[in-house]
Amino acid sequence: MVVKAVCVINGDAKGTVFFEQEGEGCPVKVTGEVTGLAKGQHGFHVHEFGDNTNGCMSSGPHFNPYQKEHGAPTDENRHLGDLGNIIANGDGPTPVNICDCKITLLGANSIIGRTVVVHADPDDLGKGGHELSKTTGNAGARIGCGVIGIAKI
């Protein structure tokens, strides 16, 4: 059973991101575009709550149901919401093209109803040695966000 979701990102960064999962246990494909980003890497995460009443700040911390430390998408020890960085070339829209085996659109730990947040700075993937490295990747301000919703198949 294919499941699809969509997220419209608003803020200084804007864009649309699509999620697709072929079935339970299958990886989730994340595709789309984000505009309004300075050249360089920008942290890209799923945060716990689908609440944007106070802008991106009310979306809470990274989605982390297993209480792990922050890490890279390829790390075993990472938040479920840790999707690494997207890379802006400073000229036109920034593509999003991620395939992740830990997030899901199905079951109790589904990311549907949670918030995607784009950050101002690079995510150091938990390896930067900064006091925020193991919680946020020291990725800086939240410059764009949107709630992930169910999409028509």
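Including glycine, each Cβ sits where the backbone N, Cα and C put it.
The recorded disulfide partner of Cys145, taken from Swiss-Prot and restricted to Cys26, Cys56, Cys99, is Cys56. Binding of Cu cation is attributed by Swiss-Prot to His45, His47, His119, and within the candidate set His62, His70 the record adds His62 to that site. Nearest to His70 (Zn(2+) binding site) in space, judged by Cα atoms and limited to the recorded positions His47, Cys56, His62, His119, is His62. Note on proximity: of the recorded positions Cys56, His79, Asp82, Cys145, the one nearest His45 (Cu cation binding site) is Asp82, by Cα distance. Apart from His45, His47, His62, His119, the residues listed for Cu cation, the same chain places the Cβ atoms of Gly43, Phe44, Val46, Ser59, Pro61, Phe63, Gly81, Asp82, Val117, Thr136, Ala139, Arg142 within 8 Å of the centroid of those Cβ atoms. Within 8 Å of the centroid of the Cβ atoms of His62, His70, His79, Asp82, where the record puts Zn(2+), the same chain has further Cβ atoms from His45, Phe63, Asn64, Lys68, Glu69, Gly71, Arg78, Leu80, Gly81, Gly126, Thr135, Thr136, Gly137.
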